[in-house]
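Student: This is the feature table in TrEMBL:
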type	residues	note
DOMAIN	A:24-255	domain 'Phosphagen kinase C-terminal'
BINDING	A:27-31, A:H92, A:R126, A:177-181, A:208-213	ATP binding site
Amino acid sequence: MSLEHFISEAISPWMKKEGPDSDIVLSSRIRLARNLEKYNFPDLASKEESEAVIQTLAGACKEKSCGNFGEFEILHLDQLKSLAKRVLVEKHLISPHLAEQSKFGAVMLNHDESVSIMVNEEDHLRIQCLFSGFQLNEALTLAAELDDWIEQKVDYAFDEERGYLTSCPTNVGTGLRASVMMHLPALVLTKQISRIIPAINQLGLVVRGIYGEGTEAQGNVFQISNQITLGKSEEDIVEDLRGVVLQLIQQERTARKTLQDGLKIQLEDRIFRSYGVLANSRIIQSKEAAQCLSDVRLGIDLGIVEGISRSILNELMILTQPGFLQQYANEMLNPDERDIRRATLIRERIKLEEA
Amino acid sequence: MFCQECHERPATLHFTKIVNGKKTEFHICEHCAKEKGEFLPGSNTFSIHQLLSGLLYGDPSISGTASSGLSQQSVLACPQCGMTYNQFAKSGRFGCSHCYEVFDSKLDPILKRVHGGNTRHAGKIPKRIGSGLQEKRELEKLKQAMQQYILNEEFEKAAETRDQIRLLEKQKHREKGE
Ligand SMILES: [Zn+2]
Ligand SMILES: [Zn+2]
């Protein structure tokens, strides 16, 4: 296994397994922030301390008894080219912070890329478990298992009163961030989303658009996660998020039904036009590509578009990001060149499916 | 709820700031937070860090305590990593795990604000280094319950609880003896 293994394919193997409610929930993620007791947090740690942290963890994870997680490959960020880092960010395997700002960062990845352990990001460890579809509890179980396994070998910074001690006070306590990525095109089309997001915020959850540089949800993909990490148990945090996601799934399904019942021809027109754009354009910007991909994916979910696999949205939204386009082209590209490459790549991908 | 800066995007960052005892609520979107320079460049983690540091710094109810003046504050520093309270207030991040103890007297209001009023951990306890902690928590809970029963003159229940406590303590001693 090598770096190429992690940057050549847009879709991580875990993503190919279709999870529950995957017509609406694209993925579920659990992240645990942990620190070792002995060393300063990464912001202040010396080079020696940071290297010691990497050594300690790499040592702990090299042992064969890695439980259900398989072997880990460790990548040192300072040994990676910027393009490779960018691709790892686009695949959500590392954070932009680790790629750009950490001084002595590393990441440990397992074979199917469902587990990523960032080392010396904002905290010494960021254990991340990813599952396709709506599988928050499964992700929590796996993350907890991995956490227990690491804890047998290292001393975590833990305080009876404050819980797991983290670099930022927003993560202290459980250190848990649970998040779910949802495709909500019908709630956006029916303009219900602007009333729903504030309601979710009031429940102590955060809603963010993803993939875009700004905050608008490109391709109608939203990430919903917990804000509070202290004073609640891990199970309660996840359960609260789960409850909200379940309601959102319901509401999105109802909105899809409303569109199908009342505006069938308009909906079909929109979906097939987007299909036409993806299948025929020669220049396409990422925002338009994301919107068209969202429409086509909705068409697939509703049985309006046939013969294209559901994973096309996840796959092409990652594949058409700048890092991947350049990796694919094997050269640096300016934005105009990227728009041309993006169009070509999408056309080829859609044709592949038609064949 | 829409962002109070651009009135276009939904507000995703919400916080309350108390200035001179007057409570003001802010609701802004991440885009505007970024534009105002309060966003951590390149980070997709929640941009609350910078907002938080704004809070800590600009807020007399947090950055100054009733008893200590500025001079004393700047002296408050972590012996482990060297971080001063002022540095912490500026960056919104701790330098090491000992900072939590050093700045403990000032943390409750900050944590309350970020974590919906909570200041105490109620989640997982690490198995190895936290062994004994779970029992300790259990014992504390039982002792409190016993006190309450005594106050309520429910002596039968108090006695039951006392027996439970004795049993637990016995187990604890036995484990230690091994
Ligand atoms: Zn705004
Ligand atoms: Zn410190």
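Placed from the backbone N, Cα and C atoms, the Cβ positions cover glycine too.
Caution: TrEMBL annotation is automatic and unverified by curators.
Not measured: the values here are computed from a predicted model.
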Student: If you measure Cβ to Cβ, which of the binding-site residues A:S27, A:I30, A:R126, A:S179, A:R208 are under 8 Å from chain B?
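Tutor: From A:S27, A:I30, A:R126, A:S179, A:R208, the ones near chain B are A:R208.
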Student: Could you tally the C-beta atoms, other than its own, that fall within 10 angstroms of the C-beta of A:R126 (ATP binding site)?
Tutor: 26
Student: Over the domain 'Phosphagen kinase C-terminal' (A:24-255), what is the model's average pLDDT?
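Tutor: 89, rounded to a whole number.
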Student: Taking the Cβ of A:I30 (ATP binding site) as the centre, count every other Cβ atom within 10 Å, in any protein chain shown.
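Tutor: For A:I30 (ATP binding site), the count of other Cβ atoms within 10 Å is 28.
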Student: Reduce the DSSP letter at A:R208 (ATP binding site) to three states and note it down.
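Tutor: It is in a strand.
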Student: DSSP secondary structure for A:R126 (ATP binding site), reduced to helix/strand/coil, please.
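Tutor: It is in a strand.
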